[in-house]
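Trainee: Mind looking over this structure? Questions follow.
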Amino acid sequence: MDDVKSGYEGEVKWRGPGKWGTYLSIIPIPPPLVRIYIFNQVVKVGINGFGRIGRIVCRNALELQDIEVVAINDPFIPVDYMVYMFKYDSVHGRFKGTVEAKDGKLIVNGKAVTVFSERDPAAIQWGSVGADYIVEATGVFTTIDKASAHLVGGAKKVVISAPSADAPMYVCGVNLDSYKSSDKVISNASCTTNCLAPLAKVIHDNFGIVEGLMTTVHATTATQKTVDGPSNKDWRGGRSVNNNIIPSSTGAAKAVGKVIPSLNGKLTGLAFRVPTLDVSVVDLVVRTEKAATYDEIKAVIKKASEGEYKGILDYSEEEVVSTDFIGHTASSIFDAKAGIQLSPNFVKLISWYDNEWGYSRRVCDLLVFAARKDAEAGL
């Protein structure tokens with residue numbers, strides 16, 4: 001047990017042998033999130049799309065004991081180029097382990113990862129390598145119908161690393177209690193929703209949110225243009241990311257209403273895309289039912305970050321800036337010194353998030369949570 005590592009503290013329970021083998025469950029109390037360590041069998045994962053999130057999910061998985069990436073599919077990246085892209089990263093630095101290509105496979109830290117090159121998800125033979133859980137990270141197959149194609153090749157479940165129009169969306173620490181093992185395709189929502197929802201839930205549970213507006217100041221993403229170019233659906237989005245602050249739309253705030261039904265219709269928001277490489281920040285302005293001082297609000301958030309939201313919602317009282325959060329694994333880091341209050345019922349709250357690393361860690365957490373629940377359900 002000495003070598004078991006967890007970002008969560010709480011009661012430690014042994015569970016007996018089962019389909020997944022004997023494992024240790026570390027459960028925060030009360031448990032918004034369950035992390036399991038399976039000793040006899042890990043969750044075998046396939047990744048479709050080796051872009052930003054696909055690669056960062058893979059890096060995160062290598063830090064965890066309960067996930068093994070056994071296959072990657074990307075029709076646009078040959079295996080030798082995969083080695084290069086995984087080894088070097090302009091934001092997160094050089095990969096600290098070993099990676100090479102051998103016999104058409106990716107060898108990461110001495111373990112072989114099968115590489116597929118299929119454009120059609122239905123053609124990927126996930127079952128041939130035992131990949132039960134698939135991370136759909138292309139940003140293309142984001143509906144139940146499209147993502148279900150992975151099931152044809154032998155996968156058991158698909159986790160979409162993006163918001164979905166129709167798949168159930170889960171935010172770790174917020175609504176995992178509503179998880180249904182019968183759902184074959186689920187969504188990890190967006191990075192911004194993962195930042196906003198835990199903070200909004202803590203405020204709503206303790207003070208009641210009457211209504212609110214959110215702004216996310218969001219780092220550059222791969223869909224943006226380095227120089228001005230055509231973008232028929234979003235004219236402003238076609239402008240150069242290098243030297244502009246670009247107003248944009250986001251469904252993140254409204255999506256909170258899907259994972260926290262009592263907030264449905266009470267939140268909306270917008271985004272500003274800025275020329276930074278990583279780390280974004282949520283600016284949440286809310287009107288509360290219950291009057292409170294800013295110190296009282298801070299105390300509630302701090303308590304939550306040290307208790308049931310530990311590992312999901314973090315708390316900072318330091319003089320921090322965006323790059324200080326590169327590689328941070330929490331979904332949301334509340335900046336106690338950045339918020340302001342106008343009146344006892346009207347407050348602005350600021351929370352940071354690494355939109356790549358923190359989000360990818362939640363993808364891994366959702367995979368493990370789903371695997372445990374599915375095993376308990378006998379699936």
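Backbone N, Cα and C atoms are what each Cβ position is placed from, and that goes for glycine too.
Annotated active site, nucleophile per TrEMBL: C191, in sequence order. The NAD(+) binding site annotation in TrEMBL covers R52, I53, D74, R119, S161, N355. If you look up TrEMBL, you'll see S190, C191, T192, T221, T250, G251, R273 marked as D-glyceraldehyde 3-phosphate binding site. Residues annotated as domain 'Glyceraldehyde 3-phosphate dehydrogenase NAD(P) binding' in TrEMBL: 43-191. Feature annotation from TrEMBL assigns site 'Activates thiol group during catalysis' to H218.
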Trainee: Looking only at Cβ atoms, how many others are within 10 Å of the one on S190 (D-glyceraldehyde 3-phosphate binding site)?
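Mentor: Result for S190 (D-glyceraldehyde 3-phosphate binding site): 23 neighbouring Cβ atoms inside 10 Å.
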Trainee: Pull out the binding-site residues from the set T192, T221, T250 whose C-alpha sits within 10 Å of the C-alpha of R52 (NAD(+) binding site).
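Mentor: Neighbours among binding-site residues, in sequence order: T221.
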Trainee: Using a Cβ cut-off under 8 Å and a sequence separation of 6 or more, which residues in the same chain sit near T192 (D-glyceraldehyde 3-phosphate binding site)?
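Mentor: Same-chain residues close to T192 (D-glyceraldehyde 3-phosphate binding site) (Cβ under 8 Å, separated by 6 or more) are T216, H218, T250, A252, A271, S280, V282, Y353, N355.
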Trainee: Around D74 (NAD(+) binding site), which residues of its chain at least 6 apart sit with Cβ under 8 Å of its Cβ?
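Mentor: Once residues fewer than 6 apart are set aside, D74 (NAD(+) binding site) is near N48, G49, F50, G54, M82, V115, F116, S117.
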Trainee: Cα-Cα, whole number of Å: R273 (D-glyceraldehyde 3-phosphate binding site) versus R119 (NAD(+) binding site)?
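Mentor: Counting only the Cα atoms, the answer is 30 Å.
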Trainee: Quick one: what's DSSP say for N355 (NAD(+) binding site), helix, strand or coil?
Mentor: coil
Trainee: Using the Cβ center of S190, C191, T192, T221, T250, G251, R273 as the D-glyceraldehyde 3-phosphate site position, which other residues in that chain lie within 8 Å, going by their Cβ?
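Mentor: Near the D-glyceraldehyde 3-phosphate site, beyond S190, C191, T192, T221, T250, G251, R273, sit T216, H218, A252, A271, S280, N355.
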Trainee: May I have the DSSP-based helix, strand and coil counts for the residues of the domain 'Glyceraldehyde 3-phosphate dehydrogenase NAD(P) binding' (43-191)?
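Mentor: Computed counts for the domain 'Glyceraldehyde 3-phosphate dehydrogenase NAD(P) binding' (43-191) are 38 helix, 39 strand, 72 coil.
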